[in-house]
Amino acid sequence: MYEGDEKNFTFDGFVRIHIICRDAESSVTLHSNKLNIDESSIQFLWESGTGEGPNFVSLSFDEERQFLIIQLDRSMVEGENYSLQMNFTGALDGSLAGFYLSKYNRGNKTIYIATSQMEPTDARKTLPCFDEPDIKSYFNVILVRKKNLTSLSNMPIKKIESRGGDFEADIFERTAKMSTYLLAFIVGDFACKTNKTSKNITYRVWSTRESVNQTEKALDYGTRIITHYADYYGIDFPLPKQDMIAIPDFSAGAMENWGLITYRETAMLYEPGVASESNLQRVAVVVAHELAHQWFGDLVTMDWWDDLWLNEGFASYVEYMGTDFVEPSWKMFQQFVTETLHSAFEFDALVTSHPLFAPVQNPDEINEIFDSISYDKGASMIQMAQFFLGETTFQKGLQQYLINRAYQNADHNDLWNALEEVQKESNLRTAEEATVKDILDTWTLQMNYPVVMVSRLGNGTIQLSQKRFLSNKFAKDPMKYISPFNYTWKIPFTMTTSENTNFNQSKSDIMWLMSETQAFPNTSPTSNGSWVIGNVMVKGYYRVNYDESNWNALIQQLSRNYKEIYVSNRAQLINDAMELAKAGELSMELALNIFQYLDKEREYTPWVAAKVQLSYIDDMLVRTELYGAFEKFIISKVSGIFKELGLNDTGASHLQSYLRSSIANSACYYGIGDCVQNATDQYSAWMRNPDSNHIDPDLKSTIYCTAVREGGADKWDFALDQYKKSHVAAEKSRLLSAMACTREVWILSKYLEMTLEGTDIKTQDASSVIISVAQNPVGTPLAWDFFREKIEDILNKFGSGSFSLSNMIKGLTSTFNTNFQLQQLEEFKDQHPNLGSGTRALQQAIETTEANINWMKVNYDIVAKWLKS
């Protein structure tokens, strides 16, 4: 890392592992991947015995399982202590996995950083170790570096020793007992800002020297959230310090290494006046997510990756609690519905989904489940459990779980038992004597989710019936997972009515649906035009369907006075109606009528829900003769609110800024009013004076994209030039997206090629550039052809275990809706039977394309007729 060609950079290491023998074996099996082991350095020592112990004889590798097998000349003795030590070297490359190389430019000089990303299975790429989450250990870390650099690890530095010449060794305090995937080693030239929490924990935020002033918001949020979590969990933060660092090259959003959280720069850095409200929210949410892991995941870790959702689902729910604590005006739990629940609903309506508890064996399968099910469905489950248990029982149950399993491992049954224990102490029952486990197993051990049909039988009786919801009921179930409950769930159903409206419900209002069908007397309104609405406040992980008259009454209520229905339920009605219609469970014409009130709506989350659905219709119709009529409909709904909100900053609230940004995006995309002219004028003014960008940060994404789309090569070249010059990660990210908006085929082709060159576009950003090009209707076929032609180069760049691969496949194919595209997908699958972590994504792309083809076949004429009317 210090001299020569970066392609040849390496690191050297020494590891000593202390072992207690449980079984009298004559070999030791470790994990090791892509490391060169110095066989002559291997020593196996009997630490607790006298006389001659087993000696090292030979080593061998099992490449497929990434095993390093140390053969001994005789068996170890049960109960005795041994140590195994060896020297090794590895490549310090730009793979973004294990111990890897990150870099950035300071003027004309390249600055290098050695950093790490161990999760899920890349600690073995850094050092030989027992690389499984349930094999916890204490780690004594020593990092040797040049004197002018800084090194960081999970714990504070205990002492520094000279190692001769320009080198020093940082000797760190011993870690707490932890899993290998949480280890972190970083060496580079950084600057930091420091604070103390109210509980006297040293809190530092690090970045490149150029960006250190952009760390202040992360420091402020971090110090407050970590204290809030300690109070909520009833357990103080267990380490003496918490560091967070923004890394210039980073694959994920962030990583919860215990005591040293690593971030992509866009997830930790915020520059006021340049970055937007959504950039600020991203910083708060990701900081809150990673700090949640310091307890859920780090202090208590899942036994094996099949319970990954215990880590990620918890953090994905608690991030809303943490963000809501520091920014209560942001209405985070309203956003939960559109940001998290709807994402899970989309993914989990496929027959190629998987249960939350999903058996996995190898690194590719493990990487595959870092998906919307583990994160978003997991979070939705936690929210539902919190609702039906009640906040107090839920909180006490979590505290009990953390106390029971601290510094150990757990599976989902440990959590159920802790919640059940607290519930029993409180003399609370949930439903028909069902245990917490009885209920939650139906949500974690089978995939998909139910739709609840609400039928009004007369005499004030409501009948509820449930069935499995699939977005394409004709999809062929691969039967990889068999439901142990025959796709029925124990559902904490809630409802309210127009005659007795109550949108502030608690566990005492739950109507437990414990079988396929149940009747509930004296619950239904009886007057004409009255309505029922289910899943109040959208706390449950289920869809709700109604008979036609109830749907019409709800649609009329929205048109008459939409505020009578709670904002989250408005968003959910839009999502339910359209998704039920897509699945053939509701008349498409009736579902489309829910958009009629939209020009009156003035809240952000219902607009987001509507835009997601309208965007799908746009994707389906964009290459058809019907598109003009569809555009006219959108213009009729957006024009009024765009006229109100415009492109000028009104000093609005956080969510109103979000709404303004979203409406401006639609207005410019569909050419409403003066949006396009205004956007191109502002961009041209910036081009004339590049050092003075007065564009409102909340509208930059829209204005940049519009100007690049409407302009020629000069607008695109200017965006690229500004991207290269900017030191603000959020600005660079916006410009990357905007460059994909051009309508010039030759520029898009050049842009795609740049993703593999590795000079202007970082590896961490390459997949999002390819996806952005695919989301441009002009770029869809170009990006798909590029992906197929360059698949070997892409696999070499990202690796078959990368999260990027599955994201790319989904992003490239989400708009496919022709038999020709389906045939291309199936041919690609046949040619590439093992795409590593992309295998499931490819199956899901085929299923989604089949659903889109079916939508065109069934709904095209209905939509045409509806638009004309």
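Cβ coordinates come from backbone N, Cα and C, glycine included.
As recorded in TrEMBL, the features of this protein are as follows:
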- 6-182: domain 'Aminopeptidase N-like N-terminal' (DOMAIN)
- 218-443: domain 'Peptidase M1 membrane alanine aminopeptidase' (DOMAIN)
- H289, H293, E312: Zn(2+) binding site (BINDING)
- E290: active site, proton acceptor (ACT_SITE)
- Y375: site 'Transition state stabilizer' (SITE)
- 531-850: domain 'ERAP1-like C-terminal' (DOMAIN)
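Distribution of TrEMBL features across the structure.
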residue: H289; record: Zn(2+) binding site; DSSP class: helix
residue: E312; record: Zn(2+) binding site; DSSP class: helix
residue: Y375; record: site 'Transition state stabilizer'; DSSP class: helix
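Taking only the Cα positions, the spacing between H293 (Zn(2+) binding site) and Y375 (site 'Transition state stabilizer') is 13 angstrom. Taken together, the residues in the domain 'Aminopeptidase N-like N-terminal' (6-182) have a mean pLDDT of 96 on the 0 to 100 scale. Listed in sequence order, W309, E312, G313, S316, T340 are the same-chain residues at least 6 apart in sequence whose CB falls under 8 Å from the CB of Y375 (site 'Transition state stabilizer').
Shown in sequence order, A254, A315, S316, V318, E319, G322 are the residues of the chain, 6+ apart in sequence, with a C-beta less than 8 angstroms from the C-beta of H289 (Zn(2+) binding site).
Shown in sequence order, E256, E290, A292, F296, G297, N311, F314, A315, S316, V318, E319, Y375 are the same-chain residues outside H289, H293, E312 whose Cβ sits within 8 Å of the Cβ centre of the Zn(2+) site. For the residue listed as 'active site, proton acceptor', the same-chain residues that are 6 or more apart in sequence and have a Cβ closer than 8 Å to its Cβ are M244, A254, M255, E256, I261, Y263, A315. Taking all protein chains in view, 26 other C-beta atoms sit within 10 angstroms of the C-beta of E312 (Zn(2+) binding site).
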